[in-house]
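One structure below.
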Amino acid sequence: MKNEKAVVVFSGGQDSTTCLLWALQQFEEVETVTFHYNQRHQEEIDVAKRIADKLGVKNHLLDMSLLNQLAPNALTRDDIDIEEKEGELPSTFVPGRNLVFLSFASILAYQIGARHIITGVCETDFSGYPDCRDEFVKSCNVTVNLAMEKPFVIHTPLMWLNKAETWKLADELNALDFVKNETLTCYNGIISDGCGECPACKLRKKGYDTYMEMKEAK
């Protein structure tokens, strides 16, 4: 795969940044695509651009604000609380988001001559989001290939990793500190360790602490 081109679906968070670093070791040429869907915080867009610039990677920014009209949710609306209720999808779930993102990433890949598309979705710590499942990604891969008559390959390096294992991968890529300090996972728009209170921050911290304990125990 070293002599091929890839597109990374990129938000500037822990997962997509780890995927970008993985892709840079796997492919000759890598570009990123970031989607603006009226997220609560402009910081996500700024962080994605800053990380891409630091890594010397081209960043495409696409306007997906229509998503907010179709599917109001806690990631885009200040008047919707971020909460998780047992037996229900979290209020941060955006219906169809990954379907739209992967479709548009495939269109971009078509235009720039890339065959590989990388996304940081995973089924292990997926908060119940149905569009983070392996079954969905494989189905989407077949669909975009049929739609464009191209042999795209959608890669999911984190699909079967939990958060601790994702930190381990970042460490193996010699980028543990970079991912910890430069990325934005927090739903409240705070870089690095975040607010420590939202579900994303708690999951990230739990994974980091678990990995560091495993590392120190060796």
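Cβ coordinates come from backbone N, Cα and C, glycine included.
The annotation ATP binding site is assigned in Swiss-Prot to Phe10, Ser11, Gly12, Gly13, Gln14, Asp15, Ser16, Thr17, Thr18, Cys19, Leu20. What Swiss-Prot records for Cys186, Cys195, Cys198, Cys201 is Zn(2+) binding site, and it gives sequence analysis as the kind of evidence.
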**Request:** Quick one: pull the CA-CA distance for Gly12 (ATP binding site) versus Cys186 (Zn(2+) binding site), whole Å only.
**Result:** 11
**Request:** Taking only the Cα atoms, work out how far Cys186 (Zn(2+) binding site) lies from Thr18 (ATP binding site), in Å, as a whole number.
**Result:** 16
**Complete:** Within the same chain, the residues at least 6 apart in sequence whose Cβ is under 8 angstroms from that of Cys201 (Zn(2+) binding site) are Thr185, Cys186, Tyr187, Asp193, Gly194, Cys195
**Message:** Please report the distance from the Cα of Ser16 (ATP binding site) to the Cα of Cys198 (Zn(2+) binding site), rounded to the nearest angstrom.
**Reply:** 19
**Asked** So which one is it: of the binding-site residues Leu20, Cys186, Cys195, Cys198, which has the fewest other Cβ atoms within 10 Å?
**Response** Cys195
**Request:** Under 8 Å Cβ to Cβ from Gln14 (ATP binding site), same chain, six or more residues apart: give me those in sequence order, or none if nothing qualifies.
**Result:** Thr166, Ala170, Val179, Thr183, Thr185, Arg204
**Request:** Round to a whole number and give the Cα-to-Cα distance in Å for the pair Cys198 (Zn(2+) binding site) and Phe10 (ATP binding site).
**Result:** 21
**Asked** Cβ-Cβ under 8 Å from Phe10 (ATP binding site), same chain, 6 or more residues apart: which ones?
**Response** Ser16, Thr17, Cys19, Leu20, Thr32, Val33, Thr34, Ala48, Ile51, Ala52, Asn59
**Request:** Using the recorded ATP site (Phe10, Ser11, Gly12, Gly13, Gln14, Asp15, Ser16, Thr17, Thr18, Cys19, Leu20) as reference, state which further residues of the same chain have their Cβ within 8 Å of the centre of those residues' Cβ atoms, listed in sequence order.
**Result:** Val8, Ile51, Gly120, Thr183
**Message:** Cβ neighbours within 10 Å, counted over all protein chains: which one of the binding-site residues Ser16, Thr18 has the most?
**Reply:** Thr18
